[in-house]
Amino acid sequence: MSVMQLIAPLAISVSIFAAFGGGGVTQPDGSVLFLQNASWIWVPFLVVFTLAAWFFMNDLSASKASLSEQLPVLKRGHLWVMALLYLATFGSFIGFSAGFAMLSKTQFPDVQILQFAFFGPFIGALARSLGGMISDRLGGTRVTLVNFVVMAIFCALLFLTLPAGGEGGNFFAFFGVFMVLFLTAGLGSASTFQMISVIFRKLTMDRVKAQGGSDEQAMREAATDTAAALGFISAIGAIGGFFIPKAFGISLDLTGSPAGAMKVFLVFYIACVVITWLVYGRNTKKNK
């Protein structure tokens, strides 16, 4: 996402695909933008990676499972709980990535936000890698719980940075608070992902062994269930990429401020703190 926000503004400013990419659109100031280039620049990479996956990723026999083998995981209550937590972390990351530039421009129109927009996704992506290592050391549940507390605090602090009552707000404070939200969204994405793996592996192995299954069968079914859970939960988490920018847009249309949307997010993060503690926090040792 950060690469996109860094490269796309450059790509749309020149006709890098000539006639093949289509013509540009003349702007009021006389400049020409080739908006379609923001999509075209990814086509060569998609072709290469698609071919590589087709020819070289055919040796993952352990990951092969029919849809009927994966669907039972949808009956597990933990899938829906973790989907909610993952929506709050990964969904926030991609939602903020999609909406941060637009939100900044509406609240601080004098700021050239394109110079700063890529920092948030970049920080969040790095934080996800770091979050995985921290979660492996301290436990995914602990990291997730603390992370949601920080997300709630900084979501509340964001209100202090917005224009209100005739005051112009503080862009640098707004930017700093949002960078922390990107950081925590990235960390939380990793910690919740780690929780999913631990929880579903343990649940499935305990179930199979209780039914008299062998260790080999337990490990095989645990791999299938965990992979299925990760896939379904990831798909649900991606909804944040639509919901968050949409919520900002609705709030801006109704009130002229994103504060309404942020109040909803604040309540959601607080709810996630409570859910994480009630469902997993009291059994931290079991959910590392």
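Placement of Cβ uses the backbone N, Cα and C atoms for every residue, glycine included.
TrEMBL: automatically predicted annotations, no manual curation.
Pulled from TrEMBL, these are the features on record:
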TRANSMEM  37-57  transmembrane segment
TRANSMEM  78-101  transmembrane segment
TRANSMEM  113-131  transmembrane segment
TRANSMEM  143-165  transmembrane segment
TRANSMEM  171-200  transmembrane segment
TRANSMEM  227-248  transmembrane segment
TRANSMEM  260-280  transmembrane segment
Next on the checklist: Can the transmembrane segment (143-165) be said to touch the transmembrane segment (260-280) if we require at least 3 CB pairs below 8 Å and skip pairs under 6 apart in sequence?
Outcome noted: yes
Checklist outcome for this item: Per the Cβ under 8 Å criterion, with at least 6 residues separating them from its ends, the transmembrane segment (227-248) contacts 63, 65, 69-71, 73-74, 76, 79, 82-83, 86-87, 89-99, 102-103, 189, 193, 196-197, 200, 258, 261, 264-265
Checklist entry - Cβ under 8 Å to the transmembrane segment (78-101), counting only same-chain residues 6 or more beyond its ends: which ones? => result 1-2, 5, 113-114, 117, 120-121, 124, 128, 144, 147-148, 151, 178, 181-182, 184-189, 191-193, 195-196, 199-200, 203, 229, 232-234, 236-245, 248, 265, 268-269, 272, 275-276, 279
Next on the checklist: Using a Cβ cut-off under 8 Å, which residues of the same chain at least 6 positions beyond either end of the transmembrane segment (260-280) come close to it?
Outcome noted: 81, 84-85, 88, 92, 141, 144-145, 148-149, 151-152, 155-156, 158-159, 195, 199, 244, 247-248, 250-251, 254, 287
